[in-house]
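For 51-71, 74-94, 112-132, 136-156, the entry in Swiss-Prot reads transmembrane segment, with the evidence type sequence analysis.
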Amino acid sequence: MIPAGLANPFAALFGGGTPIDFGKNFKDNRRILGDGKTYRGLIFGSLCGTLIGLLQILLAPHIAPYLAGFIDPSLLVGYSYIALITMPFGALLGDIVKSFFKRRLGFERGAMLPIADQLDFVAGAWVLTFLLDPEWLLANFTIWVAIAVILIIPVFHVAFNIAGYKLGKKDVPW
């Protein structure tokens with residue numbers, strides 16, 4: 001989940017430029033996505049998340065022996081190049097889809113929508129990865145791992161958003 005979780009902060013850090021919706025409105029006369037979803041953010045967020053995943057793959061065999069008493073080390077050495085790309089890219093797609101629906105509901109850019117704001121990237125990462133590499137996803141995200149992710153991720157998400165806000169990369173701390 002680390003590549004997926006870090007894709008969004010990297011998108012915010014390196015984003016800007018041309019909005020994905022090109023500034024266009026939907027048929028409800030509201031922006032399709034808003035200025036916060038840009039091609040540069042999508043590309044660099046996905047790329048940075050993928051590079052973090054690659055770093056995990058390279059380090060896992062060296063770290064696995066030290067975690068033998070805590071987790072099954074074999075879990076750290078199985079990887080998928082498809083998931084390496086789909087997890088961060090899917091995370092950002094999940095955020096984009098959520099933004100589309102927030103605009104339809106009348107939420108402005110930066111407005112808080114609890115739970116959806118914390119788990120949109122998880123849903124996007126899992127859905128895209130399930131569509132393109134279901135075996136890897138189901139082998140790595142058992143029901144208990146999925147529950148742990150759903151419970152733990154919101155805490156990390158809020159912490160990263162507060163950090164982004166304090167660094168001046170986010171307009172709001174959520």
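In case you wondered, yes, glycine gets a Cβ from its N, Cα and C as well.
Note that the structure is a prediction, hence the values are computed from the model and not measured.
Residues 1, 5, 75, 78, 80, 82-83, 115, 118-119, 122, 126, 129-130 of the same chain lie 6+ residues outside the transmembrane segment (136-156) yet bring a C-beta within less than 8 angstroms of a C-beta in it. If one looks beyond the transmembrane segment (51-71) by at least 6 residues along the same chain, the residues whose Cβ comes under 8 Å of a Cβ in the stretch are 2-3, 6, 77, 79, 83-84, 87-88.
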